[in-house]
Structures are given as structure tokens and as C-alpha cells.
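Right, one structure below, let's go through it.
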Amino acid sequence: MGVKFLKILVCGLFFWSLNAHLWGKQDNSFLGVAEKAYKSGNYSKATSYFKKACNDGVSEGCTQLGIIYENGQGTRIDYKKALEYYKTACQADDREGCFGLGGLYDEGLGTTQNYQEAIDAYAKACVLKHPESCYNLGIIYDRKIKGNADQAVTYYQKSCNFDMAKGCYVLGVAYEKGFLEVKQSNHKAVIYYLKACRLDDGQACRALGSLFENGDAGLDEDFEVAFDYLQKACGLNNSGGCASLGSMYMLGRYVKKDPQKAFNFFKQACDMGSAVSCSRMGFMYSQGDAVPKDLRKALDNYERGCDMGDEVGCFALAGMYYNMKDKENAIMIYDKGCKLGMKQACENLTKLRGY
């Protein structure tokens with residue numbers, strides 16, 4: 001009787017093991033087909049197979065459905081469906097699902113904005129070692145729920161520990177400026193900037209370049225090191241890094257003066273949104289410096305700089321309109337330059353208005 005029972009038990013366990021093995025393979029098969037279809041842009045087929053995987057308990061399938069409905073890939077955007085699929089995935093300890101869920105609560109998409117729900121979802125993902133969720137928790141405690149600076153620092157630190165460059169950079173700024181209620185520490189600021197820059201954060205490389213260029217934060221002036229960091233920042237599409245390199249070449253500061261290189265760096269920076277670089281291009285076109293003199297291009301670039309908030313660009317643009325006998329535009333642009341804080345623009349505005 002005991003032997004017979006043992007045989008039944010062994011056969012039962014074998015059957016259960018085989019069934020579980022086959023069931024797992026079926027899940028993986030669904031997921032594999034779905035992922036292949038998704039990569040090829042066949043979202044209809046991908047959705048169908050992700051649903052099969054999700055229904056069979058494969059959390060990745062649920063997460064992918066959340067992504068599909070959140071972004072409207074092959075279907076209309078449906079945040080409510082995305083929310084439900086992310087919830088299912090998060091309940092199964094899928095960190096990407098928790099991250100997606102946190103994002104919807106954070107932004108109030110498909111549901112009422114709820115920072116506490118966002119915190120709960122992000123916190124679970126953070127525990128599951130999801131760097132961006134830790135970082136987003138830092139953002140919430142830093143900027144959205146006031147009076148939680150210590151929590152913000154804690155989660156920025158966790159994201160940095162997980163090699164999230166943005167988290168390291170924010171901590172660098174905090175220690176350099178004494179923000180987030182931390183004790184100002186140049187030493188710590190440099191350590192965090194260095195890590196962030198090694199992780200290819202352009203802002204951090206730009207910050208290091210400035211510190212070495214000016215001998216700030218207890219660092220000795222080292223123009224060669226500064227140049228290298230600024231060059232890396234520019235290569236990482238940081239407009240400030242490119243703008244600084246442009247200034248170096250324009251003025252011949254620490255490098256041989258080279259107006260053409262200066263112009264090229266200013267153009268890069270301007271195209272990335274550096275207002276002052278657009279204005280400097282305007283000046284170079286107005287003077288014919290490294291480029292043929294072209295007042296139309298000068299005006300266009302001053303206008304770009306002014307539109308992005310550079311008071312010098314506004315002042316120069318207003319001057320061009322004045323010289324073109326366009327008093328109305330000159331007054332309007334001087335007024336803008338004045339509001340941006342340029343005293344001379346205010347003085348010229350007063351003269352043009354006659355009071």
C-alpha cells in the first residue's frame with residue numbers, strides 16, 4: 001500500500017512538474033512572439049500575445065500592455081487600461097510595472113493625481129532596484145511635497161547608488177549650493193559631479209568644467225582639465241558646455257583664438273537652446289567675424305537669442321530696428337530687454353518714448 005501510494009505520489013509530482021514546465025514554456029512562448037511582433041511594429045499581434053502572457057501570470061506581458069496603452073501604440077491612448085495593467089504587473093513585483101503605475105498617479109493620467117499612490121508605487125519599484133523610480137521619489141519629496149528635504153536626499157542618493165546620473169548630479173548641486181538642507185560641501189559636490197560625469201551626464205561635466213576653469217569649490221585652476229570636461233559636456237549635447245568652448249575660442253582664453261571654431265560651438269549651443277550663443281552668432285554676422293557679414297542673419301540670430309530670454313540679444317535687436325527706422329519694433333524690443341534687467345535698454349526705451 002505504501003509503495004503504491006509512493007508511485008502515485010511520484011507520478012503526480014512528475015505530472016505536475018511537467019505541466020508546470022510546459023505551462024512556463026507556453027508563457028515564454030507567448031511573450032517571445034509578442035516581443036518579436038512589438039519590435040517589428042506589429043502592435044496588433046503584439047497586444048494579442050502580451051494579453052495571453054499577462055492572463056497566464058507573466059508580469060512582463062502586463063507591463064508591456066501598460067506601455068502600449070499609455071503610448072497609444074497601434075491603438076488609441078487609454079490611460080485607464082494602462083493603469084490597470086501596470087497595477088497587475090506591480091502586484092506581481094514587476095518593477096517596470098510599478099514604475100509605470102507610479103508615473104500615471106504622479107501625472108494624474110487615467111486617474112486623479114495622487115502623490116501618495118505614486119510614492120507607494122515608486123517606493124516598491126525602488127526597493128526592486130529601479131533607479132528612475134528612486135529618482136522620481138526624490139523629485140516628489142524635493143519639489144512636490146514640501147518639507148521633506150531629508151527624504152529627497154535619501155532617494156536621490158539611492159538613485160545615484162544605482163548609477164542614475166541625474167541623481168548624482170542633483171546631489172552635486174545640493175552640496176555645492178547647500179540646497180535640500182544639506183551642509184554645504186565642495187568636496188562632496190565634486191565627488192557627485194565626477195560620478196555623474198563618468199555616467200555621461202552633460203550638466204555634471206559642464207559643472208566640473210566651470211569649477212576647474214574658475215578655481216571654485218576648493219579646486220585649483222586647471223584650464224586643461226576644464227577644457228576636457230567642457231568638451232565632454234558639449235559632446236553630450238549640453239548647450240552650456242558648447243557655449244563655454246565658443247567663448248574660449250572667441251576670446252582666445254586658454255586656447256589660441258579661433259573665430260571659426262567659436263562660431264561653430266556657438267551654433268551648436270544655439271541649436272540646443274543657448275540664448276546667449278544665438279546672440280553671439282548675431283554679433284558675429286553683424287561684424288563679419290569668421291562668417292560673411294550678413295545683417296539679415298544677424299537680426300534673425302539676435303531675435304532667436306531675445307526670444308529665449310537673452311537681454312543682450314534683445315538690446316542688439318532693438319538697436320537694429322532703430323537703425324532701420326522701425327521705431328515701433330525698437331520700442332517693443334527695448335521694453336523686453338528692460339524687463340529682462342538690462343539698464344541700458346530701459347534708458348533707450350525712455351528716450352524713444354520721449355519721457
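Each Cβ is built from the backbone N, Cα and C atoms, and glycine gets one as well.
Taken from Swiss-Prot, the feature disulfide bond covers Cys54-Cys62, Cys90-Cys98, Cys126-Cys134, Cys160-Cys168, Cys197-Cys205, Cys234-Cys242, Cys270-Cys278, Cys306-Cys314, Cys338-Cys346, and the record attributes it to sequence analysis. If you look up Swiss-Prot, you'll see 27-60 marked as repeat 'TPR 1'. What Swiss-Prot records for 63-96 is repeat 'TPR 2'. According to Swiss-Prot, the repeat 'TPR 3' annotation covers 98-131. As annotated by Swiss-Prot, repeat 'TPR 4' applies to 132-166. Swiss-Prot lists 202-240 with the feature repeat 'TPR 5'. Annotated repeat 'TPR 6' per Swiss-Prot: 245-275, in sequence order. Annotation comment: Swiss-Prot describes 276-311 as repeat 'TPR 7'. Annotation comment: Swiss-Prot describes 312-344 as repeat 'TPR 8'. According to Swiss-Prot, the feature signal peptide maps to 1-22, an assignment based on sequence analysis.
Sequence-distant contacts of the repeat 'TPR 1' (27-60) (same chain, six or more residues past either end, CB-CB distance under 8 Å): 68, 73-75, 85, 88-89, 92-94, 96-97. Listed as Cβ neighbours of the repeat 'TPR 7' (276-311) (distance under 8 Å, sequence separation of 6 or more from its ends, same chain) are residues 239, 242-243, 246-247, 250, 259-260, 262-263, 265-270, 317, 320, 333, 336-337, 340-342, 345. Distance noted between the C-alpha atoms of Cys62 (disulfide bond) and Cys90 (disulfide bond) is 9 Å. The two recorded residues Cys346 (disulfide bond) and Cys134 (disulfide bond) have their Cα atoms spaced 47 Å from each other. Taken together, the residues of the repeat 'TPR 8' (312-344) have an average pLDDT of 97. Residues 63, 66-67, 70, 78-83, 86-87, 89-90, 137, 140, 144-145, 155, 158-159, 162-164, 167 of the same chain sit 6 or more residues outside the repeat 'TPR 3' (98-131) yet have a Cβ under 8 Å from a Cβ within it. Between the candidate disulfide-bonded residues, Cys306, Cys338, the densest Cβ environment within 10 Å is the one around Cys306. Long-range contacts of the repeat 'TPR 4' (132-166) within the same chain: residues 95, 98-99, 102-103, 106, 115, 118-119, 121-123, 125-126, 174, 180-182, 192, 195-196, 199-201, 204, each at least 6 residues beyond the stretch ends and with a Cβ under 8 Å from a Cβ of the stretch. Helix, strand and coil residue tallies for the repeat 'TPR 3' (98-131), in that order: 24 helix, 0 strand, 10 coil [DSSP]. Cys98 (disulfide bond) has a Cβ environment of 28 other Cβ atoms inside 10 Å. Here Cys270 (disulfide bond) is compared against the disulfide-bonded residues Cys168, Cys205, Cys234, and the shortest C-alpha distance is to Cys234. Sequence-distant neighbours of Cys90 (disulfide bond) (same chain, 6+ residues apart, CB-CB distance under 8 A): Gly97, Cys98, Gly100, Leu101, Ala121, Lys124, Ala125.
In this structure, the C-alpha atom of Cys168 (disulfide bond) lies 16 angstrom from that of Cys126 (disulfide bond).
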